[in-house]
2 protein chains.
Amino acid sequence: MSETELQPPESEGETQLDEDDRLKPEFVRAVLDAVDAGDAEAARALVDPLHPADIADLFELTPAEDRGALAAALADMLDGEVLAEMNDYVRETLIDALEPGQVADIAAELDTDDAVAIIEDMDDEDQRAVLRALDPDDRAAIEAALGYPEESAGRLMQREVVAVPEHWTVGDVLDFLRADETLTTDFWEIFVVDPQHKPVGTCALSWILRTPRAIAVADVMAREQTLIPVDMDQEEVALRFQKYALISAAVVDPDGRLVGMITVDDVVHIIQEEAGEDALLLSGAGDGDINEPIRESYSARVRWLVANLGTALVASTIIAFFGGAIEQMVALAVLMPIVASIGGNAGTQTMAVAVRALATNQLTQSNTIRTIRREITLAALNGGTIAVLIGIGAALVFGNPSLGAVIAAAMLINIVVAGLAGVLVPVLLERLGQDPAVASSVFVTMITDSMGFFAFLGLAVLSGLVPLA
Amino acid sequence: MSETELQPPESEGETQLDEDDRLKPEFVRAVLDAVDAGDAEAARALVDPLHPADIADLFELTPAEDRGALAAALADMLDGEVLAEMNDYVRETLIDALEPGQVADIAAELDTDDAVAIIEDMDDEDQRAVLRALDPDDRAAIEAALGYPEESAGRLMQREVVAVPEHWTVGDVLDFLRADETLTTDFWEIFVVDPQHKPVGTCALSWILRTPRAIAVADVMAREQTLIPVDMDQEEVALRFQKYALISAAVVDPDGRLVGMITVDDVVHIIQEEAGEDALLLSGAGDGDINEPIRESYSARVRWLVANLGTALVASTIIAFFGGAIEQMVALAVLMPIVASIGGNAGTQTMAVAVRALATNQLTQSNTIRTIRREITLAALNGGTIAVLIGIGAALVFGNPSLGAVIAAAMLINIVVAGLAGVLVPVLLERLGQDPAVASSVFVTMITDSMGFFAFLGLAVLSGLVPLA
């Protein structure tokens, strides 16, 4: 009994989507077969019931070389809403194939934020051509948005807002909203502004609906508002929306004047991206988008692997120093990767926790010391457990209790060092103004690898288990 | 020039928050000093201007042993809104210290979803005591919600919705909203239902505000709605909100009747958690919350380390098999961790990308083959680059071109295998209905470690560089 039988997610979507709202592979194939056969009519009939977000998915799931033909077959179904929902890389290749005039037509239907999202990735010349093709009002709005830094609130906001003066009544607001046909259609709050156009309060539409006409908006609005500076980074904007459970927020210029509005649906995908990118950044996979051109992915990933080659060489140098000892007791070579590898895992765990806590503002100066103490305690517990297991195991397998004692001690040391490095490295990088997710793991891996080999081989020599050479 | 000077994020918040909306450490210290000194009045004066979300943060930043005293000093400032914003672990310890009657008073002020969030983590006996202390309506609503599976839409929804019949006009809706004082205060859309209470359309408040009184709601509502089945998993709910840019959505029972509503602000933290947990799951750090009790963190992490100990033993067994070769050429011991370690990094990159693409529904059956091909191409490029670097380096350092050739070939093989494993393992786990983020990295690490040692040592013997024993 699938839930889609009982309650289709959308009135006509049940044949195209699986239970996770993904387009079914047989549906995608059917559309592409129709396009291949030159039957644009059939393709359009299949795609017609889809939500714009699903049409965008369809393009993403289509092999790159077939996207042009699909776009040609669907023609004007590839509108601004579909493009706004589309993966950046896929959109870029499609946009490149369009004339500036066509892009301008698409941009003109959209709110500023969506239009900017489409235009900002184009190269300068194409961008200018599109802007020239827009009518002056739209052009001015988009040019203003492009004047703000990338990934800032200014790029994210729409300029279409409902702002009313303080002295209006609820009745004035209702009449105004009913009279002006050109207002943005989707808004959830209205902003009350003073004569300098500075926001003085926010009014949820539900409050307006529930208040008699004669009451002044100033009497129902919330005076405590969360304002977004226009140059604020989008990650900060997303955290602020999340922390204060905002639906929309006024964006203000450095003089405190209302210049636009950001709504939560524009922020949700940023929250998702920023939260999800930690796993990618920690692994050194860059953007980590499966639609990214191979050349860019290669450049991001190989740089990381070369950096890790550097740290691996440090570990190798330590091993080489103990080469004589290894020659005399090959069991050391057999066991040493275990110490390094488990240490690396323990460090990665702590680092993932610390990076996450920093990203969500849970780890601040107020609880850094406490968190470090917590992680060292955990590391000691983990280290003790693993040390006992591997110590007994090695002693039995090699019939050498001293070897067991040496690997147990080395394991405990390395896991505690890993715990310390796992929290200290991200915290220090953050204090230095770096993104802890980007660089932490190279340092932590270098520390746990080197310390793993050094502690194990060093203790083996120090304890008199083997001579150094 | 800090942005808070120009535009404080909240009207009175500039002295307590830093530029990232985190409570300043000196502010936290000032509050705790006042509590320590027994000056509850001073503590309350400091905390009074804070948003509930910031009061929740204050408790999280306070050491566990001081939270009781802080709660006592702030007394009724620790209300439902603050508790709803609080980290689960921190809230649990605070709630445990309260009487069931106090918890019931707090729950009674809240919407169902927030009340459930507070009550669902209590043990059965305390939960029953709180439910007994609630008035019958609230109790029924919360018991109904607790009857749905954990992390399902039923737990997440609020039962307080505005639902109107199809035949009403916009004027009827306005009169109804103004007359009923008991309605939920924050809502962004109203639902239009048929006589069986099944949703037939959704109406954004902005459309109602802009439509003359005489028009029927049926004429302005959107008939294409995205409905949420009450037993849907919260992760699916979050993806659906994100995909279709929803502000709120109707929740329906298996018969299709409206039973509640989920608003985007309840989903935003789930989107954030679900996206962020991949990094934690991939590292085996479990919940990875710095407020989690040490015992739970220890249990989650040590299990993972033991699993990795198992995979490390597989790698060690392979090394042991080649023990004789290593004794004759200790350079093998020096270089072998490099092959395993860089292979592990390459596998982790691909795995992070694949896990992310699966979680965001970007990688589906329609593009699996294409994605595998893409990752193998990338792996070949990365492998080729690193192989050349390490091959030349090893040949020069050890003055042994054959050794350089062997490590280059092993590196290329291992990075290509890593790329294949990095995408195949998560995809297969997903097809088997497992969460790819949870188990992938144990398998991928085992494959890259074992293959790293096996390819390098095996090729060294096969090529005649060293004898096996």
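Just so you know, glycine gets a Cβ as well, placed from its N, Cα and C.
Because TrEMBL annotations are produced automatically, they should be read as predictions rather than curated entries.
Features reported for this protein in TrEMBL:
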COMPBIAS  B:11-20  compositional bias 'Acidic residues'
DOMAIN    B:221-277  domain 'CBS'
REGION    B:1-23  region 'Disordered'
TRANSMEM  B:304-326  transmembrane segment
TRANSMEM  B:332-355  transmembrane segment
TRANSMEM  B:376-399  transmembrane segment
TRANSMEM  B:405-429  transmembrane segment
TRANSMEM  B:441-466  transmembrane segment
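Counting residue by residue with DSSP, the domain 'CBS' (B:221-277) contains 24 helix, 15 strand, 18 coil. Among the listed stretches B:332-355, B:376-399, B:441-466, the one sharing the most Cβ pairs under 8 Å with the transmembrane segment (B:405-429) is B:332-355.
Contact between the transmembrane segment (B:376-399) and the transmembrane segment (B:441-466) is absent: fewer than three CB pairs lie under 8 Å, with pairs separated by 6 or more positions in sequence. Beyond the transmembrane segment (B:304-326), the same-chain residues lying 6 or more positions past its ends with a Cβ under 8 Å from any Cβ of the stretch are 284-286, 332-333, 336, 340, 442, 445-446, 449-450, 452-454, 457-458, 460-461, 466-469.
Predicted-model confidence for the domain 'CBS' (B:221-277) is 90, expressed as mean pLDDT. Same-chain neighbours of the transmembrane segment (B:441-466): 282-284, 304, 307-308, 311-312, 314-315, 318-319, 321-322, 325-326, 328-329, 332, 335-336, 339-341, 343-344, 346-348, 351, 402-403, 405-407, 409-410, 413-414, 417-418, 421-422, 425, counting only residues six or more beyond its ends whose CB sits under 8 Å from a CB of the stretch.
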